[in-house]
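*Asks:* If you scroll down you'll find the structure; I have some questions about it.
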Amino acid sequence: MVKPVRGCINCIVTCPLLTAFVSIAIPVLFMISTIGYLDLSLEASTWGDPNDERTLRDLAFNAAQENIEKSDVAIDQQSVSTYPLMLIYEALDEDSNIFDVENLKLINELEKKIISQKNYSYHCVLVANGTQCSDVLSLLPDLTTNQKTEEPDEPYEYPLFQYGEDVKEQSQVDSELTSLYNISTMQFGKNFDTEKAEGRYYRSIFYSGLPLEGYKNEYDNTTDQNSNYEEWTGEIISIVKEYIEEGKFNIYYGGTVYVILDELYSMLNHDYMMLAFSFVYVLVYLWVMTKSGFLAAWGMFHIVLSMPLALLIYNSVFSVKFFSSVNPAAMYIIFAIGADDIFIFINTWNHSRLAGPDVIKSLKTRMMWTYPKASKAMFITSVTTAWAFFLTALSPIVDISVFGIFAASLVIVNYLFVITWFPAILILYEKYYSHHHCCCSCAFPRKIPGGFLPYESEQNICCAQCGTACHCSCCNCFKTKHKLDVDWGNVDGDKDSNSNSDDTKNRKNRKKKKKKKKLQRDSNSEQDQELNSSSESFENADNNNKGGQDELFQSLLQDEHGEFSVTKLKFLDRFLYAKLSPFLSHRIIKWVLVIIFTVLTIVMITQVASIEPATESSQSFPDWSNTEKFTSSLVNDFESNDVNAAIVYLYWGLDSFDMTGVNTHHPEETGTLVYDKKFDLTPAKNQEYFITVCDDAFAEEGLVDPEYTQCLMKDFKTWVGEENFPVEDDGNNELANLMKNFTNSQDGFKYVQYIDYSEDSGEIRFIATPFQIPLTIESNLAHSKIQTEYDKWYDFWGDVNKNAPDGMDKSMFSADGMFVWMRSQEIFVESAIFGAIASVIVALFVITVATRNLIIGALSFITISSIVVSTIGLMKVMGWELGVIESVAITVLAGLTVDYVVHLAHAYHEYQAKTREKKMQGAMYLVGSSVISGFITTLGSSLPLLSCYLITMFKFGIFMIISLGLSFLYAFFFFMPLLAICGPRNHTDLREGNFCRKNKKKKNKNAFSLDSDSIESENSLQNSSDDIELSNEGEEERIEEKRVKKKEKKVEKEKENKKLASSSSSSSPLSSSSSSSSTDIASIASSNNLENQLHQKIDDDL
């Protein structure tokens, strides 16, 4: 044990309150000092791959638009149509008719109520020189009677007057519908029956216009105009919801981003509330398993505190200023990881009660035994998990990258808390709270050898084993002075006669310790000092213990016949040790289990080989949500239209977008736009070529929507007149001046954001024209559909540059992030594969180094790889495709699933036994209950995710349950049988290069073993440091005889050494030591053989 760790343990035990305060005060001070510098943004600089040409083309186009000086021309108020609000009406049944007269009456009433709002006139599209609102795209004006004929007093009343008071008779309605359908099918659903004039779907559209009153144009103070529009949209939605509640038919509303955001924020608030349910579940389960509300509450305290601390480290240390919407998922993960670490520490602490008298004699020795084992086990899992998340941070997708950094920060902070704060809390509990016993069924006198322990006894083992605190609210029926479970110094019936003698011996031992410490400080050998100090806790442990001590120790482990009895263990430990372990290590069953899981893994490999990127759009909202129903109905129930059509922009004048030195984790760093200095639109042939490109695009089959005919240069040609085109420019910027006039006019204002002029020369330096493509697009369109459109435009773009004249041969194209999204989907798959493979390799390295055992490392690698493959394969079996959430989940899969295997591997390595079966049994006892508790905690904390509204969170919950369930099954029913078949029989140490054979010389005295052979070995080592051979049951008498002879020889040598020490005391630097201490040191110095053996023993202990 290294000196800093030893000092940390001393501080924890001697000053637990101070340690707890410091371990919290330091991070709190850090939080206070850095919270003022917290700089986070919810918007990323880019959500694509910054090294991909599609992302760079999109960034260049967006930057060029931002650089365009918006026109100061004041256009007519509300003359530009924007933000269409669409209402879709759906009959309740498939055979029902939405055009039933009763339904139409309600629809007529709703639409008239919307138009009747006073605010409607301030947001509608104004026509007729701004004197009236434009018509609503609705069928109701043609299906009603008794319309008003007088002139409206207000602009908003004009469309209202188009609606009649009463709906026509059904026969008249049917006739009108047939005529209207022949004119335009836009408002009718695909299933409209022209013969019966019936259909299930119908939609109407309310158009709004910009700029609003008091603004020059749509680009003037967009923040205020958008906020105003958002408020007005909310008023309309509240009216619509009143009619939805009536339930006569279904109404879905959408068409504008504000409707989507309103529902998104509502669902996010609900989903984040599920985090509270996970917190409560983990807290209650910790309370139940630890039987202490004190430990559970303060354990959850450090888990929760790790979240803001990790956020500040994420922001200040790792310099990440973007907080992704995926990051909250890491909070669910840390609940599970944090609880698992608490279980490991508490269970290791509980196991120290049976580690022997040298360990159990004080809180310090118990912590000396517990801390290295627990911290090492947690370190292995924490490092493996953190590295898996850090590997995720290598993804070029910013959302995935920052998620990995945030999750890794949480894991690291939680580990630091659980090895500093929580041990101190545990010592505080043992010192001041554990002696409060409540009136539980276990608080009865406990039978021990020679009688019973009464209630008032300090050795009431029953209550100690019960857990020392109930998880029910019962009274403190008695209190006892704090004492460890067993007083190893005085347990037999002769208390009075032995107490004074034992106290005297203990005082002598304490004096010896003090003097040995002084000698160690004066030692010139730093290596010897470290060895001596690291074994000091157990080196001088009750050398005079005899009789009753061993008898009580054996009574806890053995029955009345002197044989080991599992009835002394708790139920779960007893089941794992005596039932499950023998079952898993059965000579036939272990092979059957390995074969079953191997076959399962092979089958899943075939499934993984066929998995591919999503072929359909990823669903973000639940089926019952308005947004999902609106989107689904718009895509599936209506013909394609320009309301949600995809747009591709073809543009000239840009060379590249320089991302050199840009940190994508800083949203304010956006790169540099580089213009194409060779671009020149002034030559007549270049202007003509622009129009040629538009004509070729319209003529190319399937490239542009056939109904779309807009082209910037063609519309400019119409505006200036054919006789004035192409514009002759002799260097006087006549073309640029005409373009400015065109875009400032009512006819050309829609192109104002597509032309930019040089600040120095005034020439046109950037120009673009939009093309509507025949694709109805959502924000998460499937990869295969986007790929088809991209291939068409990529080929067309190549021909445009190939045939272009000078100055027009460097065009580019982008599509509002659509093609970037396509590349992002490819990265999701690549990142998932890389993350899974790299995480498994990291796990192999960490486990191998931690256990120093290639066999355990290889078997762990096989198991973790099988878990990853089986999880991905099961996703394929369930019909999942590699969408966004699936790819993110696979990327962090290895980091989530290594814990169980690592804990069992580490315990198997640490447990000392002669056979694989015994080592497996010991490993199951040591950490089996902790692994099960961790699994139940993780499972429970994941269940609230199944109640989340957003599909992303819901799928992540299912993924966690599947992956952790498979991890649990593989760890117990595949990995453990593998160890029983081919695991190492003893330590296989990399330092010794011994990978396959037993290490007969190396024996860890403090390694905890429950089998009788190991117990006998430990007793023999405690009685004699010279005895380096292990005892066997058949050789007990011979070993005892040999031990007596060795003791006699040792006594004779000590007598000789005393004489030597007396003669050299005047010149020895150790002359101030007591006679007993001088005797010990002299005896060691006088015998090289004894010194070597003692150092070997200390080294073995380490």
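Glycine too: its Cβ is placed from the backbone N, Cα and C atoms.
What TrEMBL records for 495-506, 1039-1059 is compositional bias 'Basic and acidic residues'. According to TrEMBL, the compositional bias 'Basic residues' annotation covers 507-519. Here TrEMBL flags 1026-1038 as compositional bias 'Acidic residues'. Summarising the annotation, TrEMBL assigns domain 'SSD' to 263-428, 856-981. Marked as transmembrane segment by TrEMBL: 7-32, 272-288, 295-317, 329-346, 377-397, 403-429, 588-609, 827-847, 854-874, 880-902, 923-952, 958-981.
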*Asks:* Can at least 3 Cβ pairs under 8 A be found between the transmembrane segment (588-609) and the transmembrane segment (377-397), with each pair 6 or more apart in sequence?
*Replies:* no
*Asks:* Could you tell me whether the transmembrane segment (403-429) and the transmembrane segment (880-902) have 3+ CB pairs under 8 A, leaving out pairs under 6 positions apart?
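*Replies:* Contact between the transmembrane segment (403-429) and the transmembrane segment (880-902): present, because at least 3 Cβ pairs are under 8 Å.
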*Asks:* Could you break down the residues of the domain 'SSD' (856-981) into DSSP helix, strand and coil, giving a count for each?
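*Replies:* Final tally across the stretch: 111 helix, 1 strand, 14 coil.
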*Asks:* Restricting to the domain 'SSD' (856-981), report the mean pLDDT as a whole number.
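*Replies:* It averages 86.
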